[in-house]
């Protein structure tokens, strides 16, 4: 008989379905019209009813199936009983059929940490920039991001009523990433994607030093990694604190699964063990290709201003 699928593949297969459920919640909150917006640390740090419901749905659904896994989400939420309508217990069969990379077959539940951003790009969500929005579920082992799911609830939303709305991208290190068409930015073009709502003198100084042909300003870390893997941008550069582990874990796994690289501005890799601080305080530098080209051009003044 077939051996039952390895734990990692079961977690990824469940996270896939859980992310699809999350996307439905995100769309339902928007179409109901009451976003229930709360300011957290200020006008650029918002939380909506969708952030709250989606995090409850993701964390409760995964905790029920994998009780010993550590799950860390962005939102501070009461630990009330979650209503059954928020629970997703399905999984993606196609993912379960794929063999687990050998180095991950022996993983135990208590060795995994799942980092959840229920709605990445909340500010853009409230402003109707719906293609910027993603749901992020990142899976870490030994402090490394090894698998991830990114759902774009509004992918294709401008393509008309008959277009399929939304998509789910997923990946595992040693296996690859799926659900999108991998593409590289035009050769010889330096297209930098950066923050839309968290700009600063330092952010701009860093970008100017790279002398880019073009700068794209969009919301959401998940969205920026998608720009890299679909060839719309050649580097994601954010010379500022503000990004958190739940912003980078899923995107990092997917980017690394297709041969890309993400670090802080100083070139340090991110750690995802459960004890780690949540803030990526030395910013983000990510590319699908040519990482060294961009890393070598980050000014020392910028690096010195950002302390890990």
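Heads up, the Cβ atoms here are built off N, Cα and C, so glycines get one too.
The 10 Å shell around the Cβ of residue 117 (Mg(2+) binding site) contains 31 further Cβ atoms across the protein chains shown. Here TrEMBL flags 74, 117, 119, 120, 247 as Mg(2+) binding site.
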- [ ] Let me know how many other Cβ atoms fall within 10 Å of the Cβ of residue 119 (Mg(2+) binding site).
- [x] 30
Open item on the list: Can you name every residue in this chain, apart from 74, 117, 119, 120, 247, with its Cβ inside 8 Å of the center of the Cβ atoms of the recorded Mg(2+) site?
Closed with: 51, 116, 118, 121, 122, 134, 135, 136, 220, 221, 222, 244, 246
TODO: If we count other C-beta atoms within 10 Å, could you say which of the binding-site residues 74, 120, 247 has the fewest?
DONE: 74
